[in-house]
Amino acid sequence: MDIRAAEISAILKDQIKNFGQEAEVSEVGQVLSVGDGIARVYGLDNVQAGEMVEFPGGIRGMALNLEADNVGVVIFGSDRDIKEGDTVKRTGAIVDVPVGPELLGRVVDALGNPIDGKGPINAKQRARVDVKAPGIIPRKSVHEPMSTGLKAIDALIPVGRGQRELVIGDRQTGKTAIILDTILNQKAIHDNGPEGDKLYCVYVAIGQKRSTVAQFVKVLEERGALQYSIIVAATASDPAPMQYLAPFAGCAMGEYFRDNGKHALIGYDDLSKQAVAYRQMSLLLRRPPGREAYPGDVFYLHSRLLERAAKLSDERGAGSLTALPVIETQGNDVSAFIPTNVISITDGQIFLETDLFYQGIRPAVNVGLSVSRVGSSAQIKAMKQVAGSIKGELAQYREMAAFAQFGSDLDAATQRLLNRGARLTELLKQPQFSPLKTEEQVAVIFAGVNGYLDKLPVSDVGKFEHGLLSYLRSEGKAVLDTIRTEKAISDDTKAKLKGAIDSFAKSFA
């Protein structure tokens, strides 16, 4: 048998030539124990707080507790396939998500993975979920209105671009409906408004039923509002770490628009469930519990999230991120731990009441307890002119109505006040999915505060409003256009508006 050494060495050299020389070095650790979505890992000595780690099978986790002899890792996914002794790898990256316009119209989970079955998202940029909020110098005071399309809010509790306005109330009082209507109200601007006025919307669903989220997405899709919205969903069946992370992920997506000179709105629905998820994680990580068993830094959890909503200065592109966090109360108790925390962080609250809801006053806004700490600087001049008196009149009405229950012989002035108040309360009612443009709201409230409703039966106020709007949209279009462009009611506009309402009132009678 003839062995040719030269030929064998040539073959070996040829084989070795294509052999990859780079060896991947990664720091690894071992799972000591796992359960309830928490893994204790030995090793990983140089891991950073908040760093992503990888378990076998591609499951991700985040290092939260860095202790002397082990690392506490929360698992983003099911811990069923992770067992003691498994190898855990560092990724070297702090938790980040895809951001950018490519996400518009999509439904994603807390890590930015699509869950709507519409294929992958080819985002060109990624951003860390937990970044520092802008400081004092890069900010500017809130001065542009963020129109919700709801009369009760835009007239009495105005929200500005860059503000944080809390929506608080018991379950089933219409909290989500306010956010939904606000998102739907942006459609008109997106269809034919200038780019600088467009408001991109992010909706974060935390711990909700999947059917509820699906319904929300369906409404947006049917009404053409999904194209400018991003939905981040961490539903009730998702692990607690995902529910904790979802608001931060949504915020990072909203910040992309804020930092690029655009305007965005983010609704967190709701932060009570995020606090519960964070409490669960903290207790399992054996962090010491505080009031109501929440960890000591639950205030910081919400403050660092909500401080990221801001109106940036002109040097920074004048973008904004407006936040509408939702908090669910138990039995109208606003003095519980989480509600008081979030009330103190935000720039005002819209307080919804079960009693008002069942009386048919919807949106069920308690005007007395609701405030906006930005106030009239977030309104156009026309709205300030008409809505200035309505808040005072309603406050007097509520006070008088309480006394009027006891006495029957009321003087004429009190009677007039009660009549006007009842009609204004009726005027502020609004069905769902029917947001109004600002100039239409101005016209309707103008009719209310100038006594056009005083002679009508309360039951006809809604009909009068509906008819007046139809009339103005067809016959009085010029007046509405003037209010929209001038953003104020001059004496000339006032006379024209009065004339239009007078001519409609004659035909209505």
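Cβ atoms here come from the backbone N, Cα and C positions, even for glycine.
Quick look at what Swiss-Prot lists:
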- G169, D170, R171, Q172, T173, G174, K175, T176: ATP binding site (BINDING)
- S370: site 'Required for activity' (SITE)
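DSSP assigns G169 (ATP binding site) to a strand. Neighbours of T173 (ATP binding site), defined as other CB atoms within 10 A of its CB across all chains, total 26. Here the binding-site residues are G169, G174, and the one ringed by the most other CB atoms within 10 angstroms is G169.
Here S370 (site 'Required for activity') is positioned 17 angstrom away from T176 (ATP binding site), judged by their C-alpha atoms. Once Cβ contacts within 10 Å are tallied over all protein chains shown, the binding-site residues D170, R171, K175 are led by K175. Residues G169, D170, R171, Q172, T173, G174, K175, T176 make up the record's ATP site, and a Cβ search at 8 Å around their centroid adds E328, L352, T354, F357, A364 from the same chain. A separation of roughly 18 Å, to the nearest angstrom, links the Cα atoms of Q172 (ATP binding site) and S370 (site 'Required for activity'). On the backbone, the CA of R171 (ATP binding site) and the CA of S370 (site 'Required for activity') stand 17 Å apart. Counting neighbouring Cβ atoms within 10 Å of each of the recorded positions (Q172, T176, S370), the lowest count belongs to Q172.
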